[in-house]
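Let me begin by presenting the structure, written as C-alpha cells, before commenting on it.
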Amino acid sequence: MSADSSLLMGSTPPSYGTLTTGTSIDPLSSSASSVRLSGYCGSPWRAIGYHAAVWMLAGIPWLLFRWKPLWGVRLRLKPCSLAHAETLVIEIKDKEGSSRQLFTVQVQTEAVVQGSLELPPQAQAEDGRSQAAVGVTPEGTWQDTSELHRQEEAKQVLRYYVLQGQRYVWMETQQAFCQVSLLDHGRTCDDVHCSSSGLSLQDQATRKTIYGPNVISIPVKSYLQLLADEALNPYYGFQAFSIALWLADHYYWYALCIFLISAISICLALYKTRKQSLTLRDMVKLSVRVQVCRPGGEEEWVDSSELVPGDCLVLPQEGGVMPCDAALVAGECVVNESSLTGESTPVLKTALPEGPKPYCPETHRRHTLFCGTLILQARAYVGPRVLAVVTRTGFCTAKGGLVSSILHPRPISFKFYKHSMKFVAALSVLALLGTVYSIIILYRNRVPVREIVIRALDLVTVVVPPALPAAMTVCTLYAQSRLRTQGIFCIHPLRINLGGKLRLVCFDKTGTLTEDGLDVMGVVPLKGQVLLPLVPEPCHLPLGPLLRALATCHALSQLHDTPVGDPMDLKMVESTGWVLEEGPAAGSAPGSQVLVVMRPPPGGPRQQEEPPVPVSVLCRFPFSSALQRMDVVVTWPGATQPEAYVKGSPELVASLCSPETVPSDFSQVLQSYTAAGYRVVALAGKPLPIAPSLAAAQQLTRDTVERELSLLGLLVMRNLLKPQTAPVIQTLRKTGIRTVMVTGDNLQTAVTVARACGMVGAQEHLAVIHATHPEQGQPAALEFLPTESSAVMNGAKATGYPTVPEPQSCHLALSGSTFAVLRKHFPKLLPKVLVQATVFARMAPEQKTELVCELQRLQYCVGMCGDGANDCGALKAADVGISLSQAEASVVSPFTSSMASIECVPTVIREGRCSLDTSFSVFKYMALYSLTQFISVLILYTINTNLGDLQFLAIDLVITTTVAVLMSRTGPALTLVRARPPGALLSVPVLGSLLLQVALVAGIQLGGYFLVIAQPWFVPLNRTVPAPDNLPNYENTVVFSLSGFQYLILAAAVSKGAPFRQPLYTNVPFLVALALLGSVLVGLILVPGLLQGPLGLRNIVDSSFKLLLLGLVAFNFVGAFMLESVLDQCLPACLRWLRPKRASKKQFKRLQQELAEHPWPTLPVGSVR
C-alpha cells in the first residue's frame, strides 16, 4: 500500500491541509510554498524487526535513526492514508525549492467535551447552523468547519498534531489537516461583534480542546535530556569514535585532552542552552487574571491561559499587557507596540467597525490589540466597558510569531553552505582512498592486522576536521559582537553572511531616508473655486471648517496629561494652537460622552465672525495605509448638526469630493509643492444630517462619512532629508548596489526625494509609468512619461553628489496601483520594469512585501531598511531586513538598529562581506590543515612510523586551534568596494588555491624527508618496531618540524585583508600568536631544550642542516604567499581569456544585459497595450 502524500499549496487559504506559518503580524512572511504530508501507522512485524535489529547491532541503528528519523519511521511503520495515520512525515520546501525541511510528528488524540459551538441567538444563521467556528464565508467554506465540530463531537475525539508550536486539526470532510488559526478564516466584522456577549463554559471548554491553551510554551529540557541530545550529536559521536581509536593506538595524552575539551564544551553548551531557554521562557511567560463576559450579562475572572478565540475580554481602564490577539469592539485604547514592531510612538486603537467585510488582523491592525503589547490606557464611550473579542491565542498570536521566528528561524538557502557539505564529502572520499593506501603499505610492512585497522581508521580522524563547524561559527559570532557594539542587534546570526551578498536595498522614505518629524510649512485654503496662497501660520486662519479640520482630524490621545500619537498629527495640532483635552466640553449637555475635546487657544485672534468654542470629536475612523486617509465626526456647543472631516492623500481625497468643489488648478498647485519635495495632505469635510451625539455618530459607516465631500484646502509639510542619507546612497551606488525607494507617499514627492538623495542622478533620465485598468472594453494600458531632471528638495536645490550611472536605459518610477496592474495584466513586462524601477510610491504594506518577493524571484539578494511600522512584511520577507528601532529585537526583521539613520546599512554589508570572506578563509585553512596532517601521516606510515601523542596534541590544540580562532578576529574594511566576496566554495580560484597549496606542502615535506635521509649522519629507524615505540627518529622530527611551520604559514597566507577585511597587521592577537608559535618552532629546530623529550623529537646536531630546514620554511613561506597573490591577480583574467563569456545564471543580470543591448523604454514614449 503506497503512502498517501497530500501536496498542500500555501497560496490557497481555503484548503484546510495548508500549513501556513505566518502570524497575524506578518501573514505573508512564510517561506514555505508547498508542504507534503505522508502518513504512517503501526505494523507489528516491522516493529519486531526494528527492535531485533537494534538489539543485534548493539544500538547502532537506534543512534542512526536518531540522526535520520525518516529512516526509522519507514522501517518501523507502514505507509497509510492521512485519515488513519499515527505518525506524519512533513516535507516543507521554500518558494524556489532551494531548501527542504523534514519533520516527523506524532498524531495526537483528545476527547472533545460535549457542548455547543453556536453563538448567541442573534449570531445564528437562519437554519440554526453555528457560525462560531469560522464565521460566514462564501459558498460552503464555513460548513466544512462546522462539520468538523459536529463530526468531532459525535465521535468525541479530536485528531491533531503540533509543529513548531502551531496546532493542526484533522478535517474529516476535507481529508486533510488544518491549522487552527485558519478555522476562523472568513469571519466578518459583524461576526466579531456578535461574539461580544461571550462564550458559555461548554463552548469555551470545547474550543480549548480544539485550539489548545493560550500559552506560548518554551521547552526547557533538564540537564540530563540536554546531555543526551548533545552527547548523541553526530559531531560528538565522531569524537567518541576518535577517542576510542586513539586509546587503542596508545595515544593516551591526546585522547585525554580531547575528551576533557569535549566534556567542557558539552557542559558550556548545556549551560548556555538551558540559560537561553530559561531567559526566553521568562521573557514570554505571561499569566494574568482577566475578566471575560459570559452569556446573560455575567462576568467571570479566569486565568489568561484559559482564553480561546471567541472569548470577550473586559479591558481595565489602567491597561496592562495583552495576553492574546483580540479585536477591539467597544471603546478605545492607547497601545505601545514597540516590543513587536519597534514603533516607539503610542498607537491609538479604535473599535472595529461593523460590516460584512472579512476580518483580518493585518488589514484591521488599527482595531486589533496584539499579544505582548502594552495597553497604556483604555477608555469606554458607548457603554460602561472596553471590550475586545479574542481572535488568536498561543503561537498563532503576534507574540507567538516573534517567539517562533527566534526558535525556528527561516532556513537559509546559501550556496556556500551547500558547497561546504559537498567539500566535506569529498574529504571523506579522500580519507577512504588514504585508508586503502595505508592498508596496503602497512600490510607490506608486515604490521599486525589489529594495528592496520587502527591506523587505517585513524586516517579518517585526520582528514575530516571535526572542529570545522565550531571554527565556522566563530566567524559569525565575532561579526555579531562587532555589530552589537555599534548598536545593531541580530537575532539570526546566519543572515550576517547574506549581508555580504546584497545586490539591492529597498528603503522606506519617511523616518528612514527623511527625518521622522515633519514641520508644518503652512496651509493652502480654498475659497470658492480658487486655492489661495500659502498661509505660513495655520493658527491665524479664521474660525471655520478648515481650522476645525486641522485641529480635530487626528488620532491623538492624552496620556498622563500629555498628547501622544503620530508625529505628523502632533505637529499639525501644534500649528493651530489648539489644546487637546479629554472629557465633555464646557456647555455640553449633562451626561454627554465624547472621545476628545479640542479647545481653542485663549489668546486667539479677535477678528472672528463667531467666538471660538471647543470642538468635540464624536467618532474616528483611524488612518489606514491601504485607504490612505482618516475621518472624524465633530460637533461643538450650539451646532445643530455635526460635521465630518477627512484627511489623506490629495489624489484620493479629491476623488471623494464633489467635482464642483475641486478647483481646476488643483493638480498644478499640488505638483508645485510635491515637486519641491514637500509632503502635502488634503482636507475635506461636509455637514452630517444626524443628531450631534456620540451614539448617533457611532452608528455611521466610513462610506457614509466619505461620500460627497467638499474640499477645504491643503496642508503643506516639510520633511527634510537626514544628513546621512545622501552619502550612504552614493556609497551604495558606487559599489554597484542598487538602491530603491518604497514609500506610501505621493509619487512626485518620492521622485523629488530620490533625486535629492542621489538615487537618481542629476544627469540620469527618469520616466514615470502610469497604468490604467481595463474598462469599457479597452484593455489595460501603460504610459511612460519622462520627467524633468531638476532636483529641488523643500524649496532648495539639493546638494550635488557625484553619481555613477547604472547600466540601465533609464530609471522608472511607479505607484502602487500601477504595480498592481503590471502584476495582473503585464506579467511579462514586470521583470523589465523591476530591474529599472527606482521609485515605488503609494505602496500599501502588502505591496511592499510583494515587491520584495518579486525582486527575489529575479534572483536579487534583497535588503530592506525601514522603521518597522508599515514595513513589517517587507522587512521579514527580505533576505536582510533592518529595522530602525530602539528595541533590541522585534518581530519584523533579523536586524534591529538603534541608529536612527541608514548608516547601519553599509555597516551590515561590510560586516557581512567580512564574515563571508573570513568564512572562506577559515574553511580553506581547516581543509589545508587536515590535508597537511594527512600528508605527514601518509609519509610516516610509508616508513612504519607516525606522529607522537604529544605531537598530535601540539598540532591540533596549541597551533591549529589558536590560529583558527584568532584569524577570525580581523575586522571589516573601512570602505565598501564594487567587488563582492565569492559565494561558491567549489570554484576554480578556491579549488586551485587548495590544490596548489597542498602540492607545495607535500613538496616541502617530501623534500625535507629526502634531505634528511641523504645526510651522512642519518640513522634509519627500526621498521620492525611499530609506532609510537620507534620514536624518536630523524624522519618524524623533520616532518613534524616542517609541518608545524606550515600550519602557521597557511593561516597567514589565507588571511589576506583587502578588499573585504582590514589588513592583517590590525589583528594584533593573531600576529602575536603567530610570532610566539613561530619562535617556539624555531627554537625546537635550533635549540630543542626541554620540549625535545616530551614531544619525542630526535636531536639534530648538524647546524648547517638546521639552517637548511629553516631555508625550506622560508621557501614555503614565500611560495605560499606568491601562490595566493598570483591566483588573486592573474587567475580571473586567465579564466576570462581561456573561456568565452557565458550568460549569467541570475535572471536580473540577463535582463540588464538585454536592456543594455536593446534599451527599453525608448524615450519619449507613448502607451503600451
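Cβ from N, Cα, C; glycine included.
A quick note: this is a predicted structure, and the numbers were derived from the prediction, not measured.
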Per Swiss-Prot, ALA378 and ALA456 on one membrane face: no
From ASN336, ASN1022, the one Swiss-Prot labels N-linked glycosylation site: ASN1022
Per-residue Cβ crowding (10 Å cut-off), top of recorded positions ASP508, ASN1022: ASP508
Cβ contacts under 8 Å made by the topological domain 'Cytoplasmic' (1059-1069) with residues that lie 6+ beyond its boundaries: 500, 910, 913-914, 916-918, 966-967, 969-974, 977, 979, 981, 1052
Same-chain residues near the topological domain 'Cytoplasmic' (968-993), Cβ under 8 Å, at least 6 residues beyond its ends: 414-416, 419-420, 422-423, 471, 474-475, 478, 482, 500-501, 731-732, 734-737, 906, 909-911, 913-914, 916-918, 920, 922-924, 1054-1055, 1057-1062, 1064, 1066-1067, 1069-1070, 1123-1124, 1127-1128, 1131-1132, 1135
Rounded distance in angstrom between the Cα atoms of ASP508 (active site, 4-aspartylphosphate intermediate) and ASN1022 (N-linked glycosylation site): 75
Arithmetic mean of per-residue pLDDT over the topological domain 'Cytoplasmic' (968-993): 85
